[in-house]
Structures are given as structure tokens and as C-alpha cells.
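Features as listed in TrEMBL:
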| type | residues | note |
| --- | --- | --- |
| ACT_SITE | 120 | active site, nucleophile |
| BINDING | 148, 149, 150, 151, 170, 171, 172, 173 | substrate binding site |
């Protein structure tokens with residue numbers, strides 16, 4: 001598991017990767033930011049830091065669910081990553097046609113992709129003083145290669161917060177990394193003078209090269225924006241005055 005968090009005003013950040021026993025990886029990322037001289041810790045070193053900080057630890061079996069065991073079995077049988085309905089199905093005969101029918105239509109980093117199951121959770125927030133923050137946490141890809149690190153713990157790729165906005169991404173990590181998507185939203189706001197939604201739309205359209213992903217964002221002015229090029233993206237928004245909204249499709 002991996003996670004990252006970023007505090008916009010001073011661009012402080014913390015990130016962790018390769019966790020197997022930390023119950024809440026985002027909590028450890030926060031401690032890396034607040035209690036260590038570093039920005040990113042991984043694998044055994046991150047687990048040891050978690051023990052020293054008194055973070056809640058659990059046996060690895062805690063994370064194993066019957067549903068995911070079944071999905072992993074399918075992925076291994078297909079020798080690929082799992083397919084998810086939020087990916088556009090243009091050119092696919094049917095989602096239930098099996099690995100053979102989707103393999104030619106979908107790719108990740110130029111390689112065939114049969115089944116894809118994103119498990120990312122992200123959050124962006126802005127307070128009454130216009131200070132933005134962002135956090136992202138994930139279990140990564142189903143049946144990923146050992147040692148693979150995705151975009152979620154990478155500051156500027158899956159997570160970014162600065163003076164203008166906070167951004168969290170989800171989807172195909174390799175494409176998000178290539179485009180440094182989260183940072184790019186802030187960059188086009190800074191350098192092109194775009195508004196938040198304009199910046200999100202520009203990055204999804206112009207920077208997401210041959211990849212499937214989405215993002216949520218807030219600005220220091222209290223604006224909320226989202227964008228994705230998949231079929232749908234689970235999302236929700238809440239304000240302190242009681243307004244709440246959720247969505248999946250465009």
C-alpha cells in the first residue's frame with residue numbers, strides 16, 4: 001500500500017510506499033511530513049518508522065477480502081491486470097467477454113491490459129483562509145509486479161497542493177506519472193492564468209497521453225472541480241454549510 005499528503009501553504013509533504021502492516025497508510029504519510037526530516041519513506045524503513053511512531057499496525061491478513069481474492073485469481077489466470085467498468089469500453093464487445101476480448105483494446109504503458117481495478121481514495125480540502133491540502137491513498141493495481149510503485153505516493157503526479165489549489169488523481173498510474181498531472185493543474189493556473197475547472201479540463205485533455213484517469217481539485221477561492229476521461233469516477237463534495245453532492249458519471 002502507498003499514500004501521500006501535501007500541505008499547500010508551505011508545500012510540506014509526506015509519502016510512503018511498500019506498506020504491508022500499517023492499518024492507515026495516509027496517517028503514516030502525515031507523520032513522515034510532520035515528524036521526520038524526509039518527504040518519502042518506503043518498505044522496511046517506512047514500517048520501522050511506523051512502529052517507532054506508534055501507528056496502528058495489523059497483520060497482513062487484515063487487508064485480504066474474499067472479493068479481492070477472487071479478483072486476484074481471475075487476474076492471475078488471465079496473466080494480466082483486472083478490468084474495471086469505469087474504463088471506456090469503446091471497441092469492446094462486452095465487459096463479460098473475458099480477457100481475450102479486452103486485451104487488444106486496452107493497454108498500459110504500451111503493454112496489453114485485460115482487467116483493471118483501481119482502488120484509490122483521494123481527498124482535497126480548502127479552509128476558510130484559502131489554505132489547500134491534498135491526500136491520496138491506494139492499494140495499487142490488482143496483480144501488479146512486485147516492487148511496482150504507482151502515482152499515488154508521488155508528489156506532483158498523484159498528489160499536489162500549493163498556494164493556488166489542491167489536486168488528487170486516480171486511474172492509470174503510469175499515465176499520471178508521465179504527465180505529472182496533479183502538479184500540472186497548478187502549473188497552468190500559475191503560468192497560463194487558467195481558472196480551476198479550465199486547468200483540470202486542459203490537463204485531462206492535453207497532458208493525459210494515451211491513459212485513463214481522473215482527478216478532483218479545490219482552489220484557494222473555494223472552487224471545486226473534477227475531470228476524467230474514463231466512463232465514470234466516484235466522487236463527492238461537502239461544504240461546512242451542509243451542502244453535499246455525490247456522483248459517478250459525467
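These residue numbers are counts, starting from 1, taken along the chain as shown.
The backbone N, Cα and C atoms fix where each Cβ goes, glycine too.
Keep in mind that this is a model prediction, so the values were computed, not measured.
Everything TrEMBL records as a feature, shown here on the structure.
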{"residue": "120", "record": "active site, nucleophile", "Cβ neighbours (10 Å)": "24"}
{"residue": "148", "record": "substrate binding site", "Cβ neighbours (10 Å)": "12"}
{"residue": "149", "record": "substrate binding site", "Cβ neighbours (10 Å)": "16"}
{"residue": "150", "record": "substrate binding site", "Cβ neighbours (10 Å)": "24"}
{"residue": "151", "record": "substrate binding site", "Cβ neighbours (10 Å)": "30"}
{"residue": "170", "record": "substrate binding site", "Cβ neighbours (10 Å)": "26"}
{"residue": "171", "record": "substrate binding site", "Cβ neighbours (10 Å)": "27"}
{"residue": "172", "record": "substrate binding site", "Cβ neighbours (10 Å)": "27"}
{"residue": "173", "record": "substrate binding site", "Cβ neighbours (10 Å)": "29"}
